[in-house]
């Protein structure tokens with residue numbers, strides 16, 4: 001919702017192109033600076049409770065937008081929003097791995113990701129509604145901030161009481177169901193949760209080639225996300241009124257819902273097809289970029305279609321997020337890997353708004369060229385990642401199987417004695433490198 005509200009604020013506060021773009025970047029600067037601390041906190045504290053605290057602070061920051069009278073005030077609250085946002089996607093990814101098997105995670109990550117599209121539609125209609133509010137001393141964009149802040153505050157309270165931290169304390173499961181929920185994750189070979197930070201797993205995450213391939217993909221996929229910030233300005237340049245552009249901003253939300261839903265469904269139905277399905281959704285965007293750059297300026301309908309086609313590649317990044325969790329084992333390693341990929345996500349999102357400069361208007365050929373290059377590189381990266389994982393699986397398949405090794409952990413009994421207990425390897429906090437029985441899904 002903050003991206004549409006930013007457009008409303010710019011109308012009232014007469015932000016220059018430079019300052020407007022920097023407000024888009026500021027959000028992701030706060031995000032990237034606190035991404036690693038947020039992920040460490042998610043490992044150290046109960047996930048649901050930590051996320052609810054961040055959502056609460058987010059709500060307060062949203063409300064503070066209404067009090068801002070200049071660029072510097074907006075810059076501070078935008079930075080604060082980014083700090084809080086750092087816990088959300090990472091937290092959802094962690095919880096998804098604790099509740100769902102690897103075959104189920106693709107759909108679940110897709111389902112909660114497409115809620116972004118639903119939020120775009122809701123915020124578009126709310127924005128359209130508040131534009132019709134006429135109150136003395138209180139602008140429509142300030143009403144939008146207050147309304148969304150109240151909605152977010154209700155969500156924060158709901159999260160605190162209703163969102164589970166792990167299957168072991170989920171309030172909606174019976175003790176027997178909690179045990180079964182943990183047992184069914186045996187096929188993941190990733191464990192459930194571990195509150196201890198392991199330095200060796202952090203080093204492994206940072207020296208794993210696939211971490212950086214996913215990070216590069218994450219950065220390049222999200223440079224074009226700046227189109228959401230620029231959307232109302234681009235549509236206005238096509239000749240639409242401000243009220244029309246506000247309603248038209250709902251269409252990318254619909255596109256996002258449809259593309260993510262169909263993308264994750266296809267990837268689930270077709271085994272080992274994540275890379276192929278993700279790459280396929282970049283093709284319509286190539287056509288969209290050609291239309292926006294080559295059609296005459298008088299062809300408003302064609303330019304509008306081209307603009308909306310550039311929103312099709314979203315499933316590529318969503319599938320990459322779920323895929324990353326499927327191919328990473330070890331709780332600390334997952335935390336560090338998630339932080340790295342989401343930091344790269346922030347870098348792409350932070351860099352994107354800065355390429356929309358006044359001298360490139362109205363056709364903006366330079367930023368569109370950069371976006372086109374990203375949309376060519378991303379599907380190639382998906383295929384390269386797949387090739388790397390196929391090669392690793394073949395190496396492991398050729399290794400001899402060792403069934404003789406037993407895994408034990410030390411526990412303290414009620415009378416204070418230390419005893420060794422045999423544990424299935426699948427429930428140990430081993431990384432995907434350490435567990436040679438681990439196979440990378442494709």
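Every residue, even glycine, has its Cβ placed from backbone N, Cα and C.
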Given ranges 143-163, 164-184, the stretch to which TrEMBL attaches the annotation transmembrane segment: 143-163
Per TrEMBL record, range annotated transmembrane segment [choices 301-323, 393-415, 416-438]: 301-323
Any contact, the transmembrane segment (368-389) to the transmembrane segment (301-323), with at least 3 Cβ pairs under 8 A: yes
Tertiary contacts of the transmembrane segment (335-356) (same chain, 6+ residues out, Cβ under 8 Å): 17, 21-22, 24-25, 27-29, 31-32, 35-36, 38-40, 42-43, 82, 86, 89-90, 93-94, 201-202, 205-206, 208, 211-212, 214-216, 218-227, 229-230, 321, 324-325, 328, 364, 366-367, 370
Folded-back contacts onto the transmembrane segment (143-163), same chain, C-beta under 8 angstroms, at least six residues removed: 1, 5, 8, 48-49, 51-53, 55-56, 58-60, 62-63, 65-66, 123, 126-127, 130, 133, 135, 171
Surrounding residues of the transmembrane segment (301-323) on its own chain - C-beta under 8 Å, 6+ positions past either end: 89, 93, 96, 105-106, 108-110, 113-114, 214, 217-218, 221-222, 224, 227, 231, 234-235, 238, 248, 251-252, 255-256, 259-260, 262-264, 267, 274, 277-279, 281-285, 287-292, 295, 341, 371, 375, 378-379, 382, 385, 441
